[in-house]
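Asks: Before I ask anything, here is the structure I am working with.
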Amino acid sequence: MGNNQSELEYEIKRLEETISLAKKQLNQARQRNEENKSAILSAKKELRENTTHSISGLWSSDGFEALAELSQYVNPVTEKIADYEAVENKILLLENLIKSPYFARIDFKFDDEDMSEKIYIGRSSLKKDNSYEMYIYDWRSPIASVFYRFVTGQAFYDSPGGRITGEVDLKRQYEINNGVLEYYFDADVQIVDEILRKLLSQNTSSKMKTIVESIQKEQDIVIRDMENDLLIVQGVAGSGKTSIALHRAAYLMYQGLSSKLSANNIIIISPNTLFEQYISNVIPELGEDNVVSVIFEEMLASILQNERIQSRNQFLENLITSSGYRDIIKSSIEFKTSHQFMEILNLFIRDIPDRWIEFEDIYYEGQCIVTKEVLKEKILGRNETPLGVKLKQLEDFIVESIYESKKIRLKKSVKKEILKFTEINVLTLYRKLFNDREYFYDLVKDFKLPDCIEDILIYTQENLNTKLLYYDDATALAYLNLKINGANEYKNIKQVVIDEAQDYYPLHYEIFNLLFANSQFTILGDINQTLEKKEDLSLYEQISKILNRKKSSLVTMDKSFRCTNEILMYSSKFIKQSLEIKSFNRKGDEPKIYTASDQLSLNDMIISEIKLCLEKGYQSIGLICKTEKNAISLFGFLKDRVDVQLIKDESTADLHGVFIIPVYMSKGLEFDAVLICDTDTTNYHSEDDKNLLYIGCTRALHRLNLFCKGEASPLL
Ligand SMILES: Nc1ncnc2c1ncn2[C@@H]1O[C@H](COP(=O)(O)OP(=O)(O)OP(=O)(O)O)[C@@H](O)[C@H]1O
């Protein structure tokens with residue numbers, strides 16, 4: 001360890017004091033919850049014994065008295081339960097804190113003081129009761145940013161009261177496990193890099209890890225950004241985008257922020273369930289409740305009230321495997337999720353009342369109550385109100401008109417019959433758009449359409465006749481629905497986090513904008529990790545334009561923390577070098593290409609590589625294939641020889657062990673060792689295939705090898 005003896009003694013004593021304070025507070029918290037528990041139990045007992053009314057009678061006409069009687073018992077219990085939960089949370093934090101109270105210290109001399117102050121930084125704060133003395137500062141506190149952003153010397157941080165300047169005299173990092181100080185070191189940049197290298201050399205775990213001890217300056221800037229309503233991060237594979245997104249969410253929930261958000265104010269939009277599961281532990285490990293998490297297709301299903309929606313994974317599998325249809329699938333999604341198609345849909349919506357709703361005179365008991373002209377007039381105009389809302393208002397107008405004239409209230413069944421045309425079936429309308437060629441071409445006469453538009457129309461018509469709603473049509477329909485009926489979900493969301501931003505199309509962002517009209521956005525992506533389309537930095541301009549927030553900023557991150565030097569160098573050859581990629585300079589073996597003459601010898605090669613990886617102690621080994629079809633077939637060959645799991649659409653496996661996974665599902669994930677198992681020339685030959693190889697290869701932390709049967713792909 002080599003630390004100065006008196007310093008070491010000081011640190012050991014400081015640690016003991018901290019732990020003993022934390023233990024004292026833990027005991028108090030436990031005692032308080034014992035009291036809470038018995039108070040809750042006895043209040044419940046009292047409630048049972050002393051209230052004269054049964055719960056089921058409470059809402060009857062004479063139940064009010066009973067309700068009042070009950071509330072005098074219920075309210076204190078509710079308060080006790082809330083307190084119990086808050087204290088339970090604190091107990092958990094303290095239990096974790098006792099094991100590892102802090103990971104860093106800075107000695108900061110405020111400009112207006114003579115002596116520097118020792119600031120200990122940990123995952124959560126610890127303060128002496130009834131005093132301002134902070135034993136530990138939360139990593140999210142303003143002063144902790146100095147640790148992440150400065151070396152020794154002049155420094156500053158922004159506090160709620162303004163900028164505070166001073167000097168960092170010492171920067172120290174600790175390794176404390178189970179309450180024992182293993183070592184500490186005073187940090188200059190090189191040593192910190194050495195520690196980070198050691199950290200990154202460890203094996204991955206089945207769940208994503210927190211990175212509070214080693215957040216880098218440029219990452220910290222994104223995590224703490226409070227300036228922008230739209231923050232876009234372009235980061236190369238492994239630069240920490242997902243980690244940052246999650247730490248930022250925890251930061252936004254920090255108690256000390258005046259604009260503190262709760263877990264239900266933040267939503268994270270994930271690419272698939274496997275990824276959602278993989279990241280699910282990070283925020284709780286940072287001591288916060290998990291935020292709302294959704295997959296985009298779940299949002300589509302909820303907007304459309306339709307469960308039979310093609311997932312993006314199914315869409316990709318379909319695209320990659322269907323050689324004959326590939327071009328049309330691509331053109332179709334490109335067209336239907338474009339800005340141009342959105343404008344076409346807007347024109348279509350404008351046309352609906354005139355063209356697609358058959359207004360009729362409303363008769364009741366033989367008397368015309370409202371004419372169709374009046375009804376139509378009420379719907380045309382007021383363009384700022386969504387059509388669906390206007391139709392609902394029309395419904396009320398008709399009911400009121402009947403009441404005015406006949407002085408009767410309509411029965412539900414009659415109402416339903418009369419008001420048939422006020423209900424819009426978006427899918428039926430959308431079908432009409434594609435079925436009526438004359439109408440379609442008239443509607444789009446001012447647009448320059450794709451050359452294959454006729455093929456797109458036929459393809460869409462066919463798809464709309466199946467039971468499954470295709471991914472591109474579901475997107476267009478969701479837009480149509482939101483424009484017609486307005487967006488009513490997610491009203492409490494104030495911060496939207498979108499990971500893998502490059503996978504979404506312009507119309508997706510229009511949908512996000514409609515759904516989260518008043519929210520701020522953090523958007524993270526990598527233009528090199530697109531699967532079926534080509535993107536460049538203009539993607540982010542497009543997103544900015546669509547979301548159109550007051551203040552926005554684009555941050556780029558070019559350092560990859562995941563892969564070894566050799567893996568990153570090898571992976572980089574699959575992408576255009578428009579963006580610089582730096583590695584963290586961690587050494588490893590060169591990736592190799594293994595070519596087998598037939599399937600049997602390929603299987604043998606893969607099996608011996610898996611065995612080697614297991615011998616090396618790797619915890620997660622990813623066997624990546626181009627498609628689910630290839631993955632299933634490889635699984636068939638290997639399953640009786642090694643313990644291996646197949647990952648398919650909607651899998652939620654824990655990533656611990658050996659897995660076979662289609663490349664598009666491996667996005668966002670990482671493995672200690674990766675084997676790309678089907679790199680022959682038939683599988684990988686096109687520009688799109690290069691992107692797939694880039695994504696697959698950059699999943700590897702320590703070891704990457706490529707395998708094929710027959711001729712190896714010329715792309716390798
Ligand atoms: N500051 C850091 N300290 C320690 N580890 C880090 C740091 N930043 C990133 N990492 C590690 O690097 C790996 C990649 O991080 P992450 O998955 O967040 O990157 P990403 O940019 O989302 O990658 P991809 O685009 O490939 O999905 C993870 O293992 C993460 O723990």
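Count begins at 1; order follows the chain as displayed.
Placed from the backbone N, Cα and C atoms, the Cβ positions cover glycine too.
Got these off TrEMBL a minute ago, pasting:
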| type | residues | note |
| --- | --- | --- |
| BINDING | G235, V236, A237, G238, S239, G240, K241, T242 | ATP binding site |
| COILED | 5-46 | coiled coil |
| DOMAIN | 214-564 | domain 'UvrD-like helicase ATP-binding' |
Asks: For the coiled coil (5-46), find every same-chain residue at least 6 residues outside the stretch whose CB is under 8 Å from a CB in it, and list them.
Replies: 73, 76-77, 80-81, 83-84, 87-88, 90-91, 94-95, 97-98, 101-102, 120, 126, 128-129, 135-136, 174, 176, 179, 181, 184
Asks: I'd like to verify something. Among the binding-site residues G235, V236, G240, which ones have a C-beta closer than 6 angstroms to some atom of ligand 1?
Replies: G235, G240
Asks: I need the most crowded of these binding-site residues: V236, A237. Count other C-beta atoms within 10 angstroms of each C-beta and give me the top one.
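Replies: Comparing the binding-site residues V236, A237, the most crowded Cβ belongs to V236.
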Asks: In three-state terms from DSSP, label T242 (ATP binding site) for me.
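Replies: Where T242 (ATP binding site) sits, the three-state DSSP reduction gives helix.
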Asks: Cβ within 8 angstroms of the Cβ centroid of G235, V236, A237, G238, S239, G240, K241, T242: which residues besides those meet this for the ATP site?
Replies: D526, M557, S560, F561, R562
Asks: To what whole number does the mean pLDDT across the domain 'UvrD-like helicase ATP-binding' (214-564) round?
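Replies: Mean model confidence (pLDDT) across the domain 'UvrD-like helicase ATP-binding' (214-564) is 88.
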Asks: Using all protein chains in view, find how many other C-beta atoms are within 10 Å of the C-beta of G238 (ATP binding site).
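Replies: Around the Cβ of G238 (ATP binding site), 27 other Cβ atoms lie within 10 Å.
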